[in-house]
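Record features (TrEMBL):
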DOMAIN    11-101  domain 'Endoplasmic reticulum vesicle transporter N-terminal'
TRANSMEM  26-45  transmembrane segment
DOMAIN    111-273  domain 'Endoplasmic reticulum vesicle transporter C-terminal'
TRANSMEM  251-272  transmembrane segment
Amino acid sequence: GGGDVRKETVEFDIYRKVPKDLTQPTYTGAFISILCCVFILFLFLSELTGFIATEIVNELYVDDPDKDSGGKIEVSLNITLPNLHCDLVGLDIQDEMGRHEVGHIENSMKIPLNQGAGCRFEGEFIINKVPGNFHISTHSASAQPQNPDMTHFIHKLAFGDKLQVEKGAFNALGGADRLASNPLASHDYILKIVPTVYEDLSGKQKFSYQYTVANKEYVAYSHTGRIVPAIWFRYDLSPITVKYTERRQPFYRFITTICAIVGGTFTVAGIIDSCIFTASEAWKKIQIGKMS
């Protein structure tokens, strides 16, 4: 005689298999399955683009972010004066720490324009983190002109590191056109400078400054009664720092979302399919009942 034939059962299989001859394929089920796959693919691609894209989050706090700068800010200025000779153009810097510099020439250059009648001033200089001003004027010229013409066009005024941020007012005065103003008028640009930190995905920080600007135009007379126009940039610093941080969604959250999309879609589709199937079976029974 043969030995006992024992059927071993596996108790831990959560995914019990239903024999194929007990399941019934339907056209509705096939249609819903195709819709499911399309829907899952759409949501998967949407999540993938969201995962790849870098999000920029901003926050505000009260602090001096760039403590290693020694209380200094780098300034970059690029301005055209089409009707003032380069010999007359000069940059002067003053602040509340007692700094008073007339005719600053370090890291700056003057490019003659209009056959020498005009001048383009490009300069990079350092200012202290205290209220003050810097101005373009004829103060440093050896002889003052009779009618200095301060009409100008500002190409760039920026502070600190250059950032690759689309939003913000890092060059708020860029494109300021005062070519049609009164030639003898002085211009006051009152700037509120806001420290800005940009931290990329690797944690590297860059320190820059955004600013807001208000301006006025007026005719200024010296104590001798002569008109001495200038272009003033008066600045003050905000104690509020803006921080932009690059962030990317963590990989585990991406996987969790994908699992939720796949599982959730199939579950909801299964419920819809079973409802349609139950309704159609009930309808068939009603029709058979009517016929009998």
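Here the Cβ of each residue, glycine as well, is placed from N, Cα and C on the backbone.
Note that this is a predicted model, so its numbers are computed, not measured.
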Secondary structure composition of the domain 'Endoplasmic reticulum vesicle transporter N-terminal' (11-101) [DSSP: H/G/I, E/B, coil]: 32 helix, 26 strand, 33 coil
Mean of the pLDDT scores, which run from 0 to 100, over the domain 'Endoplasmic reticulum vesicle transporter C-terminal' (111-273): 92
